[in-house]
Amino acid sequence: MFYLIGLGLGDAADITVKGLRAVKSCSRVYLEAYTSVLTGGKEALEEFYGRELIVADRDLVEQQADQILKDAHVTDVAFLVVGDPFGATTHSDLVLRAVNAGIPYKVIHNASIMNAVGCCGLQLYRFGETVSLVFWTDTWRPESFYDRICKNREAGQHTLCLLDIKVKEQSEENMMRGKKIYEPPRFMTVAQAADQLVQIVQRRRAEGETLGLTEDTLCVGLARLGADDQVVRVATLQQLVSCDLGGPLHSLVITGQLHPLEVDMLQLSAEADVMKNLHVLDGSTYWS
């Protein structure tokens, strides 16, 4: 059997009982290590599970998937994913490869940012398309995520923004020279994400474009959801540019139309006086 097992969001203990039983039954256990991370790292997981883990980086998962699935038709192999196994499309590819190879598979689900984001007080069914924000470089500054956020807001929907993670990445220079030298891990913060969005807003305003969000748009910064020291901060986009929510992982939510119950919940984590710009129109709450 090939198992895809979700680990949850907090630490080693967040694995389900079903998932832990499967891990202990497997001859090989891989830990996916590039779409997300758990606090404590590989060593803490190994100690809790009582098993040695094989770190699966992007190259192994995307270029050498057959190595992961090797012999899975005659022995149990586990592939561990922080959050839920289907939080990244790469893992769907593994399922398809297993099916094509005649290998039975089983998925053991767990909590992910896609549902845990509800802890901030926004209702999950009121979210639109999830978007990813990537680190800008000197030569690459994509803005497509801004347009998708605006589209959600036009429909009154909230937007969950997943922030970039750089693990085992090479610089352009080392890639060109063929050197297997990797950059230190980087995790985008809420402040960095907010700053990139503010720069887009300012540029498009200068070009006379009608804006779908502004520096005063109500947002939610999230850090380390599921951990004991998780942080939820409700503030304007501009306020979040200067916020410090601590260590990774961070996520950002751009609000749309608000239900009165959502307003009450957001006030629990709001910056002082940040909710003063709310007003009610036709029974629905808006931010101005």
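Placed from the backbone N, Cα and C atoms, the Cβ positions cover glycine too.
Annotated S-adenosyl-L-methionine binding site per TrEMBL: LEU9, ASP84, GLY87, SER112, ILE113, LEU163, LEU225, HIS250, in sequence order.
If you look up TrEMBL, you'll see 1-240 marked as domain 'Tetrapyrrole methylase'.
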LEU225 (S-adenosyl-L-methionine binding site) has how many other Cβ neighbours within 10 Å of its own Cβ?
21
Taking the domain 'Tetrapyrrole methylase' (1-240) alone, what is its mean pLDDT?
90
Please find which two of LEU9, ASP84, GLY87, SER112, ILE113, LEU163, LEU225, HIS250 have the most distant C-alpha atoms, given that the record lists them as binding S-adenosyl-L-methionine, and give only that distance in angstrom, rounded to a whole number.
17
